Amino acid sequence: MSTSDVTREGVRGQRPGRDAVTGSARVVGEGQRRRHGGRRGGPTRVPDAEFRSYYGRPVLNQVVWEASDIGGYLFLGGLAGASSVLAAGAELTGRDAMARPLKYTALAAISGSVVALVHDLGRPERFLNMLRVVKPTSPMSVGTWILTAYGPLAGVAAVTAATGWFPRIGRAATLGAAAVGPLVATYTAPLVCDTAVPSWHEGYRYMPFLFAASASAAAGGAGLVASPLGQSGPARRAAVGGALVETAVSTAMEHRMGLAGEPYRLGTAGVFVRAAKALTLAGAAGAVLGRRSRAVSALSGAALLAGSACTRLGVFHAGKQSAADPKYTVVPQRRRMAERAAEPAAEQEARAEAAGRTAGRAGSGGAGGGAAGA
Amino acid sequence: MVVRSARGHGDPGESGTGQGYGDEQRERVGFFTDTSVCIGCKACEVACKEWNSVPEDGLDFTAMSFDNSVGLGADTWRHVAFVEQRRPLGHQDAGVGRPAPVDLGMPSTELPGAYTGVEEREEFRWLMASDVCKHCTSAACLDVCPTGSLFRTEFGTVVVQQDICNGCGYCVSACPYGVIDRREDDGRAWKCTMCYDRIGDGMEPACAKACPTDSIQFGNLDELRERAARRLEDLHGAGVSSARLYGEDPGDGVGGNAAFFLLLDEPEVYGMPPDPVVTTRDLPSMWAHAGLAAAALLVGSAAAFAGRRR
C-alpha cells in the first residue's frame, strides 16, 4: 500500500519540507523572496518577513486607475502648475520670450489633464457630479475645485498672450494662475496618499515635496526647450534645483518608508524610478554644462520633462504593485501591532482599549498559529 | 451644491451613527458573523446576488479549496472564504523508518474521533467565513468620495447612490479591506448595502435571512457586541483558545465595524487586514505637507529669478 521506498537519499516518494501548511501563505518562494528583498550591491534594509495570507491573495482591491490617464495626469498637472509660476516670474522680469511659451505649455498641459481625468472615469458623462459637493476629506473633490479655478486662469493667460488682447486682464490671469499653480502641482500628492495603498500612503510626508520638485524640473525643462538662451536663466535654475531636490527626495522616500518602499525598486516601478533618476540627473548636468548651447539646453530640457514623467509613472506603478501583494498590507500592520503591544505600561494605559486588545490577541494566537509570524 | 464638513472621520461616536438625521435617525445596526458555526454553504452569497440583482461574475475553479468567488468586489458582496489547515499539534513523530500505515477506516456518519477520543482525531480543520463590507464607523470610501455618492444612512451603514456615482474609483483605493470595486461593464462602484431596502422595512438582510446556522446575525449593534462577547467567552471556556473577535472594538483604526466577526485564526488568514486604519486619519497632515510643498515651490521659483539677469 505504501508508495515510498527507503533509499540512501531518504524516503523516496516523500518530499520532506514540502508539506505546506495550508493557510500559512508561503506563497512567495524563498528564492523569490530573497530576490525581491535584496537590493543591488547591498543587503536589504527591510528584513524579510514571514506573514500569512489567504492563498496569497491581496487584501486590497487593485487600483482601477489607468497609468496613462492618472499617471499621465500627475505629470501634466505638475507641469502646468509650475509652468504658470515660471511664466508669471518671466513676465514680471520682462522675459517675454520665456513667459509666452510657458503659458502655452500650462494651457496645453492642463487641457490634457482634464481630458485624462474625465477619460478615466467609469462614467465620463457624469464628470460634472464632481461639482455637487465640496469635501475637504476628499483630495479629489478639493482638486476638482482647484482645477476649476486654475483652468480658466491658465486659459486666459495663454489666450491673451497669444493675441495681445486685454493686457491687464492677461496680467491678472497670469498672476492668478501663478498663485493657484503650486496647489495644482502639489495637491496630487494627498490625492494618491489618501488611500489604503501602502506605497502611496506611507510616503505622504515626502510625496508633496517630490511632486513639487518634479513639477519644477519639468516646467524648467519646458522653459529650456522653448525659450532662447538670453532669457532662460531662471528656467535653468528652477530646472536644476528641481531636479536635484526631486532625486534626493525620491531616494529618501524609498528608503524611509520601510517595507512600503520596496516596490519602488522592483518591476515596472523600479524601471521607471531608475529611468527617472538617470534622465533627471543627465538633464540637470546638461542644463548646467550646456548653458551656452541652445541645442544642448533644449535636449536637457526634454530629458528633464521625460524624467519628471518617469517619476510620476514610477510612483503610480509602485502603488499598484504594493496593492497587489498582501505582504505590503499585512507585515507593516503586524509590526505596528507588535510595537503597540510592546509599549511601556504608562503609554499602554493611555491607549487602554486598543493596546489591551492587541495583547489579548497575541495571547490567544498561540493555539491558532503554527506558522504565525511577523 | 453642498459643503460637507471636514469631520466625519476621527470622531467615531458621531460619524458612524448616522448623525444628522434628527428624528429620522434609527438605531445603528450591523452584522455579527460567527465563523465558528459557518458551514460554507454559500447560501449568503446566493441570497445576496438574488435579492440585489448582482450580476454573475464567473464561476471558476480557483484551486483555493471550495472558494470560487475569490474575494469581495463589485459583483461579490458576500464572499465565503475556505481555509484548509493542517495543524500538527500534539503529535510525536520519531522520524525514523517507514511511516506507519494509516487506517483510513470505512466512511461513517460518526464524527471523526467520536469513539476514540480527541487524540485520535485528524490534524486537519476547515475554516470558513463569510466576508462582507464592514460598514466602518470611520469609512474611508465615504470620506474620499468626491461626488457625495457614498453616504451614511440613518442606520449608520454606508451605501453608494448609483444615480450619482461617476466611477472615479477613489473609494476602491481607499478601502483598507478591499471591499468596494468598480464594475467593468457599468463603470460605477458597487458594494454591500446591508440591504438598505430591506432593513428600512424592518426585515433582516438577505444573507442573514438565508444563513442556515445563524453564522450571520443581524441586529442592533450594541446587542450584537454583547452576544459576541458571550460567545467568545463560551468558546474560550470550551478550550477554543484561538477564537477572537475582529472589528468589534470602537477604539480600533476605523472606529469599529458595524459588520464584525468571530474568527478562529488571525484575520490575514481569511484575507482581512490585521490592523486597518482609515486613511483619512492622516489627511490633515497630508494637507499640511502639501501646503508647505506648494509654498516651497513658489519660493524656490521666485529664487530662480533672483539671480543674475540672463
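The backbone N, Cα and C atoms fix where each Cβ goes, and this holds for glycine too.
Automatic, uncurated: that is what TrEMBL annotation is.
From a predicted model like this one, the values you see are computed outputs, not experimental measurements.
TrEMBL has this to say about the protein:
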- A:1-18: compositional bias 'Basic and acidic residues' (COMPBIAS)
- A:336-354: compositional bias 'Basic and acidic residues' (COMPBIAS)
- A:362-374: compositional bias 'Gly residues' (COMPBIAS)
- A:1-47: region 'Disordered' (REGION)
- A:335-374: region 'Disordered' (REGION)
- A:70-90: transmembrane segment (TRANSMEM)
- A:142-165: transmembrane segment (TRANSMEM)
- A:172-189: transmembrane segment (TRANSMEM)
- A:209-229: transmembrane segment (TRANSMEM)
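Counting only same-chain residues 6+ beyond the ends of the transmembrane segment (A:142-165), those with a CB under 8 A from a CB of the stretch are 80-81, 84, 87, 99-100, 103-104, 106-107, 110, 113-114, 130-131, 134-136, 173-174, 176-177, 180-181, 183-184, 187-188, 190-191. Outside the transmembrane segment (A:172-189), and at least 6 residues removed from its termini, the chain residues within Cβ reach (under 8 Å) are 73-74, 77-78, 80-85, 87-89, 91, 99, 103, 106, 110, 139, 142-143, 146-147, 149-150, 152-154, 156-157, 160-161, 204, 207-208, 210-212, 215. Beyond the transmembrane segment (A:209-229), the same-chain residues lying 6 or more positions past its ends with a Cβ under 8 Å from any Cβ of the stretch are 74-75, 78-79, 81-83, 85-86, 90, 95, 97-98, 101-102, 105, 182, 185-186, 188-189, 203, 235-243, 245-246, 249-250, 253, 280, 283-284, 287, 291-292, 294, 297-298, 300-305, 307-309, 311-312, 315.
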